[in-house]
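Novice: The structure is given below, and queries will be raised subsequently.
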Amino acid sequence: MGGVGQCQWPVWQVDDLTPCFQHDYLRILLPAVVIGLSVLNLGFRSARHAASRSKSPSTHAYAPVSNGDNSRPGAHRTDISPDDDAIAQDDEDDDEGLAIGGGRLALVKTATKGSIVQADTPPAQTLSVVVEELAIAGLVAVYVIALLSPKAHGSYTLTGTIIGLTTWVYVLVLATLRLFLGNTQWRVPHLWNHTAAIYSCQWLFLIGIFRSAMVHPSSKLAQILVIVEFALTSLLFFMAITTRKGNKTVLLEWEDGIPPARENLASLFSSFTFSWVDQIVWQGYKEPFEMGKVWNLLPKDKAATVLSHYRRVKKTTKLYWHLLRYFKGDLLSQAGWAVMSGMFTFAPTMLLKAILEYVEEPESAPRSVVWLYVILLPVTDIIRSLGDNRALWIGRKICINVRAILVGEIYAKALRRKAATGKDTVLGSEKKEDKPKGGFISKIKKMLCLGDNDESEDGKDGDKDKEDSSDEQANHGTIINLMSVDSFNVSEVTSYLHFLFASAPTQLLVSVVLLYQVLGMSAIPGFVVMVLLLPVNIGFGRAFNSTQKKIMACSDKRIHSTNEVLQNIRIIKYFAWEHRFSESVDEKRKAELKALRARYMVWACAVAVWNTVPLLITFFSFLMYTTVEKRPLHPSIAFTSISLFMLLRHPLDQLGDMLAHVQEAKVSIDRIEEFLSEEETDKFIQLGEDNVNEEGTRIIALKDAAFIWGGKDIIAADGSQAFRLLDIDTEFMIGKLNVIAGPTGSGKTSLLMALLGEMTLLKGRVYLPGGRSREDVRPDPETGLAETCAYVAQQAWLVNANIKDNILFSARFDEKRYRDVIVACALERDLEILDNGDETLVGEKGITLSGGQKQRISLARAVYSNSKHLLLDDCLSAVDSHTAQWIFNNCIRGPLMKDRTCIMVTHNIPLCVPHSDFVVVMDNGRITHQGRALEVITSGALGEEIAQKAKSETPNISRIPSRVPSSVGEGSGNTLLDTDGDDHLSKPKNAKKAKKAEAMEETKATGAVKWPVMKLYLASMGSWWFWVVAGCIFISQQASDVVSNLWIKQWASQYTTEVSSVPISTSSHMYGTQSFAPTYMVPVQTYVKDQLARNGNATALDIVVNSEVNAQYYLVVLAIIGLAGSLTAFLRDLWIFFGSLTASAKIHTRLLNTVTRAKFRFFDVTPLGQMMNRFSKDMEAVDQEVAPIAIGILSCALGITVTVVLIASITPGFLIAAVFITIAYVLLAKFYLASSRDLKRLESVQRSPLFQQFGETLSGVTTIRAYGDERRFVRDNLTRINGQLRPMIYLWATNRWLAFRTDLLGDFVSFFAGVFVILSIGVIDAGWAGISLSYAIGFAENILWLVRLYSINEQNMNAVERIKEYLEVEQEAAPICEKNRPPQNWPAQGSVEFINYTTSYRKELDPVLRNVTFKISPQEKVGIVGRTGAGKSSLALAIFRALEADGGKILIDGIDIGLIGLRDLREAITIVPQEPTLFTGTIRSNLDPFHLFTDEQIYKSLQRVQLIGPDETIPTADASPVLPASPTTPGGASNKNIFLNLSSKVSESGSNLSQGQRQLLCLARALLKEPRVLVMDEATASIDYATDSKIQDTIREMKDTTIITIAHRLQTIADYDKVLVLDKGEVVEYAHPWELMRKGEGGSFKSMCDMSGDTELLAKAAKKAFDAKKLIDVDDEAADAAP
């Protein structure tokens, strides 16, 4: 031996490390390297720190800003800088990508405020610092004594002592600097990290020296010094790992009352053992978890921070590369821990082999060595467990960050996408350009399953399809699927990527090396089998990819269809279409189940192959070993090899699983990327930063402009282009009232959209102040108004909140202004009627309010805002005439609009135009007239009637009354300046009612999942015989495993005449190596196959060799047993999956039928997001997550049963240990299950707010962008993302908490197993003892996985539990009552009679209709009028039994409708609701969704509602519509009538049609049925007066139909047969309108006519109709009197 480090290898001799290794390495080289690295690192960091202090400080990655009203006095910024930088500086790209859309979506302004508090200093912190200093000083003293005392030189050489003394003096200096400079400006960074690292390394180095000193002491003094040194070093090491990390104060962030995260307070020991989770587990055990108790995320894990950092990373071409680039640091760290875990996975097996060799030859080594091996069994596995758990925890952190990024990006994209008018795209569908080119390379790829070999099913029709239009967009259902399912798929894969690129390769490499050492050249056939398996695995991956694409495409279609059904459930119920639409959804569901079936077939085949591979490796290796090489297969060789083969199977399983899931995630990430690549709105480019023209003047104008909906090259199927605005050149008057008029479908709404930048600009310029975020615009200090826009959509858009929040829309609350707006928008009376005043929750899209109420709240929101410019789209159409008068006079022309621009689309020309300042008249996409109001009126552009009226009146005359009509401001004062401040405007009437405002919050179950939930799923899978067959298959599969173990033992024993065999447990390496992920992520087949490996294989060392063994016989039998096991595994999976699909089909059908047949009230109080959560994520869990876990649970339970039987028969004494271990596991499970199930339920519940917000945003994106409020919605989205991620990350923290503790208990089992082996030498037969112990270790592992899988099963059954909750919602009456079916032609006459009818929305509420009695004769036309809350809509609901009678009854043709089935009733009568409801499809599918009418009938109905003009030619049934070709130049083009082609596309909710066109289409749908009773709820509110007049003529021609019209336009019903006036749910008046108008001043109808300002016109129409009716009656009487 020469100099230092020249020791000879091996360094382990018999029972100890060599003195050379201890001296050269443990005393000199390794400590010197550690100190050198510390000094270099300190020097580098100190220099960089000094350099950074000389520069100006850089801004944090996201700068927190005020969050409006959420800020609190004394709040501090949340810019807590994390300890380590998440992103390398060279990856940052200035601020590129942070500001989206002119800064409107800038993440740098989306952080919220929070309170920062200093964490309490631990009580023993000061004492620990003193003890640390004393311990280091003691170590210095030890080395001084060793240096001075010659007796210590045995263990302390001179060089080693000097190095040691230098080390501890250096550490003493560092510790002192930490103590005195920790809180000063001279603080040296990361000193604690240095001291802790040195303590840890020194402790590890000393372990070997300490054992050597105890086993072979050189001298008494040296032994004492080593003991003292080891004790003091151990003290420092354990102090370092058990005290809080770092040498600085920890700051905790309190945000909105949410408890801060505690992870950053944890010590190293607490972090690695997840002891910091104890508090969560204990809290969950004591009482159910609620969201308010769930800790917050760490600041660096919050969505805003993650997204901000992510967008700073340089973008790459592909989304997955961008994500990998961002997470490269975390992935490398995860890989490091995974490699460590993979290395230590083999340690227990090799230690057991060493123990068995000692058992065979006890004299071969000292007893102390084997006890060292026994101690190392649990120690090495604890190290493996620490690495494994750390890698998985890092993966979980990556997972939540990926989910935050993807959901955040999808939401931001939803705010930037074009306003949808085109057709839907299928995300993930194969594009032509993606097809691989032909050629040799392509063929090779195809052979290796690397190419695109999954042809599209309808690829044969591909040539017929046109190129994809640039206006193709993902529909709402698809986007919700991207957010809920695809982002989940991708994020889950990222949790386990280390299995693919670190863990599995490491284990494969180590197992191959060890196998080669054991078998030599005979291991090569096994390696060849492994290599040949790779293409097979890739093939399975491609198959998974293909099936997953189909599943996602089918799922998109089903969810979109379900979303449409639930969105439009009211019209579906009115028309009794539930069963028909359910069948339509079921068809899509069948396609989805078919795709799932294909995936499960692939999965089962993959499982069979993966189970067969280890058998093939074993077979061919043993075949070569015994028959080619002619070597005896000794037990030691056989069982060591089999143990390694089983070890080898685990990474192979991981690789197969991960390849499949990576392929599935690739499908999802491609779909997300395709959505993120969709065309975006060019609104921000069109509007720019300001609305200043070339002269520097602010204007609102469209200059020489042309616009189109969708892309510039959008061509429809018939060759026509999308709707366009042509030759638009107009400038609106700022600060004045501007009116846009024109017939239905002329382009009025499109003109507003063009102003807002929502249409595609073909040429020209747009001037409007809407290009900047509202938060960036400062209001004028004098007027309080800002240069921003407010927009009121034609179809009112409200968020799921209370009325007050909808009006404030995050603006600061000003009580006086708020009250003035309430009065001006005629909302006082409504707030008095509503249970909770303005605290009433209005539900998604305002579903609990009438159309007029929603429209007025939307108007109030715009008026209350500080926007200087208001764009109002027909906001008066949904209110009655006198309310319209009031709003126009007191709101639109009132003091609240002073100095504000109002651009208003309206059909109420007589009311609005005469008092406007500027008028624009549209027709067919062009401006036909514009100018001052009087000029346009007198030109006749608005009709001769108003022109004549204008000539006879002065422009200043107004018929609007000066007082407040009683129907609007009753009891609330007559002036906007009233400041009495009645509490009912802003507060509920009383505390009891206030509780009702929370009715729409989603509930969650508590406690364990109940048996009825389990029973629902199990019974859905199959009857008793299904489970009998399943039990037989599972038992057979388990039996094949046991028989194979016994057969190997029998074969190996043939080579010896005397055997002392103790098995190497194949499960000893398995403790937690397959840590659980959600079953969607890591298939449970892996777990089940782990169980097969765990059940033990014996190894025996022969004493006398018997060479006369028929190896071929044993090989063949072994192969048969193995193939039988693989076959049963295949059948097992296939059978359970078959049952799973059956259950999925049954549960979905029941859920759909139950929800569609729920009462109307259910849809009023349940947000769409909650319902869609059940149909998407919960249903996906039922489809794909429950069944694999069921397989795992049954396998573990059988494994435990087999283990207990074997142990009881071989070593009954071990049952005592098993009892205590089981008790420990049960206690762990009890604590874990209590907290984990609640956290899982909270995570499920917190998905709904995300669903809800996505739905709201998608339907209201135009309004959000118009207000410039995207940033607030992004902020809200990030908060909701955090809300979902909070319970999720702590759920997985409890999972890791369980994993480490169960691993620890398993290590105790292995430890005692080793002790048992040593103590039992010569007492029991070694072979059977080995099998018993092998199964004993498997017993602990089986219980571990049973606990884990049962926990996951409970979490998955939470989805079934939530679905079951919906299966029990209150149902409507039966669709058909066989005993009370009406006649087939009922109603033949059409008479309707109410007899003392009373009803209410709920039993505990006041009646909405009281003792209503009246009769409508056959073929009569009756108008229903009354002020808001009078009961008009309730009466219509009552006719359709949407409200059931509390008293009285309704008769139609003398039949009590309460006694017949709902389908019989609703199919016999028809309603046209106020809100038009259309479905994605075509005009034909919307009018006649079930193909009941001919094209001629459909065209006739379109003509009757004026959608096809009298001068337009209706195409014949056998000819395509002949439409004029559209000129290519915009100037000469014109818009075509799309209604001439029944195949014209209708977008989601009819978004490509105007509101008026939608109403007319719905009316046409109703007229097609030619009903005997027709109810019209303000069905023509959004239609211009001229068209409305023609439609009324059509309705009057319906002589055989009884018509009940709820009207706001009194002109509509002035000539009806009767008018019913309601007030507070009671009949006030009921007679002919002329008779009611003659009552005088006291009549309710008369006062309404007076308020409308058109009394003369109404009286004239009513009298004319009255006289005509009298003549008819006289004629009828004369006819009756004639003989």
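A Cβ is built for glycine as well, from the same backbone N, Cα and C atoms used for every other residue.
Dumping what Swiss-Prot says about this protein:
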- 338-664: domain 'ABC transmembrane type-1 1' (DOMAIN)
- 1028-1351: domain 'ABC transmembrane type-1 2' (DOMAIN)
- 1392-1649: domain 'ABC transporter 2' (DOMAIN)
- N247: N-linked glycosylation site (CARBOHYD)
- N489: N-linked glycosylation site (CARBOHYD)
- N545: N-linked glycosylation site (CARBOHYD)
- N956: N-linked glycosylation site (CARBOHYD)
- N1097: N-linked glycosylation site (CARBOHYD)
- N1277: N-linked glycosylation site (CARBOHYD)
- N1396: N-linked glycosylation site (CARBOHYD)
- N1411: N-linked glycosylation site (CARBOHYD)
- N1541: N-linked glycosylation site (CARBOHYD)
- N1552: N-linked glycosylation site (CARBOHYD)
- 53-93: region 'Disordered' (REGION)
- 451-473: region 'Disordered' (REGION)
- 952-998: region 'Disordered' (REGION)
Novice: Hey, what's the Cβ neighbour count for N1552 (N-linked glycosylation site) at 10 Å?
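Specialist: 24, counting other Cβ atoms within 10 Å of N1552 (N-linked glycosylation site).
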Novice: Just give me the nearest neighbour of N545 (N-linked glycosylation site) among the glycosylation sites N489, N1541, N1552, Cα to Cα.
Specialist: N489
Novice: Fewest other Cβ atoms within 10 Å: which of the glycosylation sites N489, N545, N1277, N1396 wins that one? Let me know.
Specialist: N1396
Novice: Which glycosylation sites (N489, N1277, N1396, N1552) fall within 10 Å of N1411 (N-linked glycosylation site) by Cα distance?
Specialist: N1396
Novice: Minimum Cβ neighbour count within 10 Å among the glycosylation sites N1411, N1541: which residue?
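Specialist: Counting other Cβ atoms within 10 Å of each of the glycosylation sites N1411, N1541 gives the minimum at N1411.
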Novice: Rounded to a whole number, how many Å is the Cα of N489 (N-linked glycosylation site) away from the Cα of N1396 (N-linked glycosylation site)?
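Specialist: With the alpha carbons as reference points, the distance is 58 Å.
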Novice: Closest of the glycosylation sites to N1396 (N-linked glycosylation site), Cα to Cα, picking from N1277, N1541, N1552?
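Specialist: Checked the glycosylation sites N1277, N1541, N1552; minimum Cα distance to N1396 (N-linked glycosylation site) goes to N1552.
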Novice: Secondary structure at N1396 (N-linked glycosylation site) (DSSP, helix/strand/coil)?
Specialist: strand
Novice: Which whole-number value in Å describes the distance between the Cα atoms of N1541 (N-linked glycosylation site) and N1552 (N-linked glycosylation site)?
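Specialist: N1552 (N-linked glycosylation site) has its Cα 15 Å from the Cα of N1541 (N-linked glycosylation site).
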Novice: For N1277 (N-linked glycosylation site) and N1552 (N-linked glycosylation site), what Cα-Cα distance in Å is obtained after rounding to a whole number?
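Specialist: Pair distance, Cα basis, whole Å: 27 Å.
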Novice: Give the mean pLDDT for the domain 'ABC transporter 2' (1392-1649) on the 0 to 100 scale.
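Specialist: Residues in the domain 'ABC transporter 2' (1392-1649) carry a mean pLDDT of 80 in this prediction.
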